[in-house]
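Enquirer: Pasting in a structure now, in structure tokens, and then I'll have a few things to ask.
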Amino acid sequence: MPRGILPRGTAFWSALFLLALYLPAVTDFGDAFLNTCVLFGVYAALNLMWALVMGTAGIYSFATLAIAGISGYGAGYAAIELSLPWPAMLAAGAIVGVVVGLLVALPALRLRGVYFALLTFGLVELARSFVVQSKPLGLAQGLYGAPTFAPESLSAVGSGMVRYYAALALVIVALIVYAALDRGRVGTLLRTARGSEPFARGLGIGVVRIRLVVIVVSSAMIGFTGACYLAFFGGISPTIFSFDTLLLLFAMMVVGGIGSARGVLLGTALLLFIDQQFLDAGALRLIAAGVVMLVVTLVTSDGLAGLPAQLRERRAATGSLPTQTEMIR
Amino acid sequence: MDVIFSALSLAAIYGLVAIGVSLTWAALGMLNLAHGVAFAVGAYGGWLAADHLSDSAPVVLAGGVAGGALVGCAIYLLVVVPLYDRPNWETRHLIATLAISLVGANLLLELFGPSAKALPAVFGEGSVTIAGSVVTADKLGAIVSAAVVLGAVAVVLRRSRLGLGLRVLTQDSEGAALVGVSRNRMALGVLALSGGLAGLASVLLAQTFYANPDVGFVPLVKGLLVAVLGGLGSIPGAIVAALVMGVAEALTATYLGQEYVLMTLFVVLAVVLLVRPRGIAGLLEEARA
């Protein structure tokens, strides 16, 4: 392919898209594999939005799953009570996401780094204790009976296909939102502000405003994804607010590399595979996940996707001309 | 009166855990999310010591401290040595310590099984009556020994060369190297000390939390809350915050119910942080930003 005519990465993304499109035609889908694919779609969408807030904007937010869970519960409850169809539920999810996102954004403007991180951990715990004790939201069992993508009249194979392609569409929408913010003007401004806030202010960048934009837009998408989770599985349970789930998603995002979309997808796929493959192994599964996390963190500076660049840099550093001080010696 | 004593005993334990979190932050700019593992291994250390050596108080306490300190050294070797001063230290140390906490808890589960181990009552089974309320010897012992240890640590850090070095390191790590303060030796010392304090806390608390693989999680979360409330890097702040959180928890548990405790603590933290973004003492001292 001639370089320079098409945007960088076109070949990679087209190949990935075609593979995903024809995957159902070439493999024999079991129920378990289909569920893994759908879960991948949901996790990948959440992680992409999280990477936008944490990576591009450099805001230490752990509120992703809290926003997804609160939106999922809110939209699901409304859909069940008012017997809404699924498109209305997804819209409701996005709206709740925006509202929760605004609530999260308020302290983000005042607090820095770890202080904000801990506060968002608190939001997760707050949501969990509320849901577990609320009867209308199904206590510890969770909320079930939400409208789903696949109509009940459809055969098992047909509804499987509907869910698969809905998950694919979800990932694509998330990728578009990610690219629009990360590659666009807002992304550039956010990276400048992440590097040095005083410098960004000196340039006249409205730091508060762009941070608000990234939190609100990503929260809308996270809320939408939370409602999609219900449309895929018909329900939601308090496990979405558990520390283990949060840890798993965080590990996915970081192992692959927080700085790029392909890193996030790679990490999500890798850890989801470990998670599902060793589901019966109990403690060993988590030990394996932890060891992978530790090794990748110790070896790479920016996740697996950042490895080629890291190696290039190292080669350049060892093979380069001597620096000025070395020549003087 | 009962509420006051349970508030004090909670404050004692949280203080021991939170000071470790705070010191590590001051010395290294590192939020140690594997601190809960030190707590858990401390509990098992105490149990092993009681099982194999003797169940006298000094031996059990030493077992707990040794277990915790060992975890501190492991964190030094696995996280600080390979990662400090490398690109993205801020995110990578969080992930590495999270990974250690995941592996540690599950390794304990593999090694010792899920059942809880009972530790001997270090201070005996008796109880005393103070101002009309009955206090078990265990609770009183925990309060007194934690207060003594915390006081000793605070004095040592204010008076000794170690404490002086630590303060230099907090303010300017390059300057510290210039005046001959070894950051690596400091880091090892601080992590071993924090781990040891967490191990001590877990043995002191063993009559409430039995030793089990997940025992470190709740103390880690509460320790983090207290350290942040106090202002990371500040020892007086951590002690005041431990008292505040102890009182908040004891009141909530007595009048609202145990399930609301964590929620209340987060609400207290949120309110304080919104008024003073660096916690109780963060603004008073030259703490790390």
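Even glycines carry a Cβ here, placed using N, Cα and C.
Residues or ranges marked as transmembrane segment by TrEMBL: B:6-26, B:33-50, B:56-81, B:93-113, B:140-157, B:188-211, B:223-248, B:260-276.
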Enquirer: Six or more residues out from either end of the transmembrane segment (B:33-50), which same-chain residues have a Cβ under 8 Å from its Cβ atoms?
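Expert: Distant contacts of the transmembrane segment (B:33-50): 17, 20-21, 24, 59-72, 75, 79, 94, 97-98, 100-101, 104-105, 108, 112, 117, 119-120, 194-195, 198-203, 206, 209, 211-217, 219-220, 223-224.
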Enquirer: Counting only pairs 6 or more apart in sequence, are there at least 3 Cβ pairs under 8 Å between the transmembrane segment (B:6-26) and the transmembrane segment (B:260-276)?
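Expert: These two segments do not touch.
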Enquirer: In terms of Cβ proximity under 8 Å, which residues at least six beyond the ends of the transmembrane segment (B:188-211) contact it?
Expert: 12-13, 16-17, 19-21, 23-24, 27-28, 32, 35, 38-47, 60-61, 63-73, 75-76, 80, 116-119, 121-122, 138, 141-142, 145-146, 149, 153, 162, 166, 218-219, 223
